[in-house]
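What follows is one structure encoded as structure tokens, with my remarks underneath.
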């Protein structure tokens with residue numbers, strides 16, 4: 001818990017704990033005051049005042065009891081409780097302050113003195129009870145005394161004014177006392193909390209050390225200068241397949257296997273002793289490989305009192321080392337069977353190994369061409385556009401910071417200088433918790449990218465003419481409308497329908513019809529700007545979108561008419577089509593085909609659906625007028 005919150009909680013607990021006595025005392029004093037003053041004050045006023053005092057007291061007592069039963073669990077709850085407590089203190093202060101007006105008898109000095117005596121005593125008690133919270137103490141004192149002091153000054157009698165001045169001085173003294181007492185209380189609480197924290201820290205430290213020794217994954221023994229074991233933890237006993245009780249008191253000079261003795265004695269000479277090797281136990285059948293480190297243990301005077309030995313069973317490690325060579329062979333076999341390229345890096349970025357797929361994908365014939373070379377400079381030195389790619393910016397370097405990296409789209413550079421699109425993964429190589437380098441695997445994306453490009457082409461382009469299809473046309477129209485909104489220039493949309501395409505299909509078949517559709521697409525594309533769009537709308541219909549013509553509508557109409565007439569004239573030229581029947585060599589047929597073109601101007605106010613609808617109407621008007629014509633939408637001219 002935050003220190004400030006802990007202090008506030010302790011202060012609130014202290015005030016709540018003493019609040020019952022304060023509430024009872026305040027209520028009894030109110031009853032006494034009401035009894036005495038009823039002789040000189042209207043009974044109704046006295047009774048109402050007393051009832052209000054009792055109600056406030058009951059509410060405060062209930063809140064105090066509830067809060068003491070359920071301590072706050074978070075800062076917001078503590079703040080809310082403190083605020084509620086302060087409101088209660090202020091309320092009882094205001095009620096007692098009102099007594100300085102309601103219960104103040106004019107021209108009756110004895111009862112006035114009794115009232116002032118009562119308020120002064122109550123305020124003194126409040127200083128003791130509420131000084132733990134500076135705000136509560138000040139509010140109570142000011143609220144309880146101020147009305148009576150003001151009433152005394154208003155009386156304009158020498159005695160009353162003198163009593164008012166005395167009351168003012170008393171209030172000032174109370175406020176200074178509250179501040180002083182509050183500071184002392186807070187300091188005491190801080191000292192208490194700090195002492196508790198220190199005690200808890202010591203307890204935790206002792207418990208941690210005890211648990212560390214008891215549950216340590218390594219065996220630990222203490223021995224004296226005579227090489228007699230004085231302590232051993234459970235792990236040491238477990239390693240030795242024995243009990244701690246049997247091992248404690250063992251004179252290690254009597255061990256059957258004396259190979260560990262030089263390391264044990266070095267600690268008694270003030271040096272670090274170390275032993276790693278085979279060991280056979282004396283009191284059990286333990287037989288294995290162990291690593292032991294011995295350090296000096298000193299007493300309070302700094303004199304050597306014995307030694308501490310830390311023992312690890314490394315039998316499994318030795319077995320693992322024996323199997324490591326075999327696993328290396330298996331690993332290399334696995335690496336070389338992978339379809340993905342793989343390579344290793346040291347901390348300097350130099351290559352430590354590669355697999356066969358690495359060499360195959362990147363065009364290397366021998367490992368010596370790569371191993372020991374700086375891999376970034378060799379295969380990752382440039383961006384896809386050929387611009388330099390500094391090693392310091394390479395994402396793969398994050399793997400040295402114990403992070404796994406997955407990059408979806410980059411390029412490695414082939415030995416012949418060509419870029420290979422790849423997806424790669426890089427992971428840190430960690431040995432004994434220390435990053436030693438990284439291993440990276442990568443996948444050649446060349447074939448996948450080609451397949452994705454084909455899929456995108458099928459999704460957005462007409463398979464016959466390679467023109468944008470309806471889906472891509474909608475996107476291009478949206479771009480044209482957005483451009484019109486930015487620049488204020490008009491755009492134009494043309495809907496073209498071939499006039500006599502069906503007879504060609506019926507006479508020579510769909511293959512010849514497809515040749516005509518392809519040629520129409522080529523001719524239209526040759527009549528427009530690169531920034532404009534031509535799309536196949538379906539069947540023998542095409543759409544042309546001209547963007548950003550002119551801010552003047554008349555000039556835009558003229559420009560659109562020029563392009564439309566150019567397209568119409570180009571499509572009216574004869575078509576030379578090759579006709580093949582029944583596997584014959586084929587013959588060339590000259591065919592005449594024209595187009596009816598509907599044109600509509602648009603700006604950003606129009607919708608795509610409305611533009612296409614108006615263009616369709618204009619196109620049918622061109623057909624109705626004799627075909628091979630350009631017709632503008634009525635709203636465009």
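Just so you know, glycine gets a Cβ as well, placed from its N, Cα and C.
In TrEMBL, annotation is done automatically, which means it is predicted and not curated.
TrEMBL lists 268-326 with the feature domain 'PAC'.
What TrEMBL records for 327-368 is domain 'PAS'. Across all of the domain 'PAS' (327-368), the predicted model scores a mean pLDDT of 86.
The domain 'GGDEF' feature in TrEMBL is assigned to 489-635.
Positions annotated as transmembrane segment by TrEMBL: 21-38 (among others).
Sequence annotations record features per position, and here TrEMBL assigns transmembrane segment to 44-63 (among others).
Here TrEMBL flags 84-104 (among others) as transmembrane segment.
Packing against the transmembrane segment (110-128) from elsewhere in the chain are residues 22, 25-26, 29, 32-33, 36-37, 39-40, 93, 96, 99-100, 103-104, 137, 140-141, 144-145, 148, 152, 160, 163, 167, 170-171, 174, 177-178, 181: each is 6 or more residues past its ends and has a CB under 8 Å from a CB in it. The transmembrane segment annotation in TrEMBL covers 110-128 (among others).
If you look up TrEMBL, you'll see 160-178 (among others) marked as transmembrane segment. Sequence-distant neighbours of the transmembrane segment (160-178) (same chain, 6+ residues past either end, Cβ-Cβ under 8 Å): 112, 116, 120, 123-124, 127, 130-131, 134, 137-138, 141-142, 145-146, 148-150, 152-153.
Listed by sequence, the residues of this chain that lie at least six past the ends of the transmembrane segment (84-104) yet keep a Cβ under 8 A from its Cβ atoms are 12, 15-16, 26, 30, 33-34, 37, 41, 45-46, 49, 52-53, 56-57, 59-60, 63-64, 67, 112, 115, 118-119, 122, 126, 130, 133, 135-136, 139-151.
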